[in-house]
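What Swiss-Prot says about this protein:
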ACT_SITE  His143  active site, proton donor/acceptor
ACT_SITE  Lys170  active site, schiff-base intermediate with substrate
BINDING   Ser21, Glu46, Trp47, Arg48, Arg82, Arg213, Ser232, Gln236  3-dehydroquinate binding site
Amino acid sequence: MKTVTVKDLVIGTGAPKIIVSLMAKDIARVKSEALAYREADFDILEWRVDHFADHSNVESVMAAAKILRETMPEKPLLFTFRSAKEGGEQAISTEAYIALNRAAIDSGLVDMIDLELFTGDDQVKETVAYAHAHDVKVVMSNHDFHKTPEAEEIIARLRKMQSFDADIPKIALMPQSTSDVLTLLTATLEMQEQYADRPIITMSMAKTGVISRLAGEVFGSAATFGAVKKASAPGQISVNDLRTVLTILHQA
């Protein structure tokens, strides 16, 4: 299986990499939170642009991205606008969503973009090609904050992302029971062993799914999300605790 290298970070080998989400509402908070995050122990900085009040103003968005880039130049920067339909803060039209991601790609400030699988097949394929032409990696994602589908459906979605040339397919699902967590882990293992030719990220959310955020190295998930301050999704634990557990499991 091939790995994905962003800056000096190799994703897809060793312990799962830790991603943290910055969810500031304005430029001033972007700056103050970036300074606070700089002291934390993580690998990838995700900027959740759907929390940014002025997200429709591309100049303002890129000014904030520049602050993040300058504050943490060594950290890979993942640009994410999570749509309302997948659990994000803001609704956005497909056209505006694609335009915003293209502007991020054009800026030269971001290393990776998050692209939602169900944006529309043609738009997704075109945006992936555009990102790759500009040396930007694509995390292709799908989120369900209500349920966990069958393992076959989870695998089908991850394989579709792979067929669309995502650098890293990602899926996050809400368990209704402990058996749903097992379904997610089973699907992750099967995908990793039988189909994946690149790193994947999977997680089962909420308190019930916490084990999935810790056991990625065992089942085949290459990264996990931790919280520096406020969690960006239910079930996230602090980066310090997360690093401790991931290191213990890696060294066992």
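The backbone N, Cα and C atoms fix where each Cβ goes, glycine too.
Because the structure is a prediction, the values reported are computed rather than measured.
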Pairwise Cα distance for Glu46 (3-dehydroquinate binding site)/the residue listed as 'active site, schiff-base intermediate with substrate' [Å, integer]: 14
Whole-number Å value for how far the residue listed as 'active site, schiff-base intermediate with substrate' lies from Trp47 (3-dehydroquinate binding site) (Cα to Cα): 16
Rounded distance in angstrom between the Cα atoms of Arg82 (3-dehydroquinate binding site) and the residue listed as 'active site, proton donor/acceptor': 9
Cβ neighbour count within 10 Å of the residue listed as 'active site, proton donor/acceptor': 22
Nearest-integer angstrom distance between the alpha carbons (Cα) of Arg213 (3-dehydroquinate binding site) and Lys170 (active site, schiff-base intermediate with substrate): 13
Rounded inter-Cα distance in Å - Gln236 (3-dehydroquinate binding site), the residue listed as 'active site, proton donor/acceptor': 15
